[in-house]
C-alpha cells in the first residue's frame with residue numbers, strides 16, 4: 001500500500017520538527033521542506049538562516065525523512081515585503097505574517113509541495129482544520145494561549161483542503177515534552193518572535209534601511225507642540241515606549257501614547273493616559289476582505305473579533321458594506337484599534353475570516369470616515 005505523502009514546512013524550530021515526527025509516526029511518507037525567504041544579511045547577528053537549516057537537517061536525520069531547501073526570496077519581496085513598505089509609507093501598521101501565510105507558506109510553498117507529488121502539506125501552526133458538509137473550517141487551537149488562527153484567516157477553501165495542523169490539539173507544553181523525549185537536537189530552542197523571516201533585529205533600525213526619516217512635530221490634542229518625531233512610519237497607535245517623552249513634565253504626569261497621525265501635515269499626535277478617548281473605538285471599517293468559506297457572514301451577525309493577536313474575542317455585530325469592505329460595531333470600546341492590522345472574526349471556535357482595518361472611530365474630533373455599512377450609523381456617522 002502506497003503511503004500518503006505529506007510535505008512539512010520545517011523552520012528549524014521545535015513546532016515544525018515535532019509536526020514532522022508525529023506524521024512519520026502516523027505512517028505518512030513525510031518530506032521536509034525548508035523555506036529561505038530572505039536574502040539580505042544572512043551573515044548578520046539577527047538572521048539565523050544557516051543555523052536553522054543545520055537544525056532542519058539534524059532533525060530530518062534523526063527521524064528518518066528526506067528534506068530539501070527552496071528559495072522563495074523573490075516571491076516574498078514581491079508579494080509581502082513590497083506591500084509591507086507601502087503600508088508603512090502610508091502611515092499604517094501592517095502585519096506581514098498574515099500576508100506571508102496567505103502568499104508564501106500556503107501558496108508558493110503549497111504549489112512547490114504539489115510538484116513533489118504531495119497529497120497534503122503540514123506546518124507547525126497552532127490551529128485546526130475541520131471538514132463539515134463538504135466545506136473546510138478553520139478552528140482555533142485547543143491551546144488558546146498559542147492559537148494562531150488570527151494569522152491564518154486569509155486561507156481559502158483550496159488551501160485548507162490540502163493542509164494539516166497536527167499541533168492543533170496538543171498543548172505547547174506537551175510539544176516541548178515530545179521534543180525532549182525523542183531527543184530532538186533543537187528541543188530547547190526558543191520560539192521565534194521577530195517579523196516573519198526577517199528575524200529579531202531592532203525593528204526601527206531595520207525599517208530605517210528602507211524608509212527615509214521625515215521628522216515632524218509631535219503634538220497634544222489641543223495642538224501644543226511637545227516634541228519632534230523622526231517619521232510617522234516609525235510609530236504605531238497605542239505605542240508607549242520609544243516616543244521620547246518619558247521625562248516630559250507636561251500634562252498630567254500619566255504615560256504618553258501615540259494616538260493619531262496626520263499624513264498631510266506630517267504630525268504625530270500623542271495623548272496621556274491609557275484610557276484617553278482618542279485611544280478608544282467602538283466601530284471600525286475594514287477592507288481587503290477574505291472569508292474562509294468564500295462568503296461573508298449575514299448583515300447584523302453577532303460574532304467575536306480580534307483587532308490584534310492574543311486579544312480576547314470582543315463581542316460585536318457585523319455590517320456588510322460592499323464586496324471589499326465591512327464594518328464592526330463593538331459592545332465595548334476597544335483600545336488602540338490600528339489601521340493596517342487585521343480585524344479577524346470568530347463564531348465561537350470557528351475563524352470566519354476578516355479584513356485589513358482602514359478606519360476606527362475614536363474620540364478624536366474631525367475624523368473622516370468611510371461610509372458605514374448598513375445599520376452601523378452611530379460613531380462612524382458622527383465622525384464624518
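Placement of Cβ uses the backbone N, Cα and C atoms for every residue, glycine included.
Annotation comment: Swiss-Prot describes 100 as active site, nucleophile, evidence class sequence analysis. Secondary structure at residue 100 (active site, nucleophile), taken from DSSP and collapsed to helix, strand or coil, is helix.
Positions annotated as active site, cysteine persulfide intermediate by Swiss-Prot: 196.
Residues or ranges marked as ATP binding site in Swiss-Prot (evidence: sequence analysis): 9, 10, 11, 12, 13, 14, 15, 16, 35, 124. Residue environment of residue 9 (ATP binding site) contains 22 other Cβ atoms, counted within 10 Å of its Cβ in all protein chains.
The disulfide bond feature in Swiss-Prot is assigned to 100-196; the stated evidence is sequence analysis.
Secondary structure from DSSP puts residue 125 (site 'Interaction with tRNA') in coil. Sequence annotations record features per position, and here Swiss-Prot assigns site 'Interaction with tRNA' to 125 (among others).
If you take the C-beta of residue 341 (site 'Interaction with tRNA') and look for same-chain residues 6 or more apart in sequence within under 8 angstroms, you find 93, 94, 95, 307, 308, 356, 357. Residue 341 (site 'Interaction with tRNA') falls outside any helix or strand according to DSSP and counts as coil. Residues annotated as site 'Interaction with tRNA' in Swiss-Prot, with sequence analysis given as evidence: 341 (among others).
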Residue with minimal Cβ packing [other Cβ atoms within 10 Å] among the recorded positions 13, 15, 35, 125: 13
Most distant Cα pair in Å, residues 9, 10, 11, 12, 13, 14, 15, 16, 35, 124 binding ATP: 16
Residue 100 (active site, nucleophile) and residue 35 (ATP binding site), distance between Cα atoms, whole Å: 12
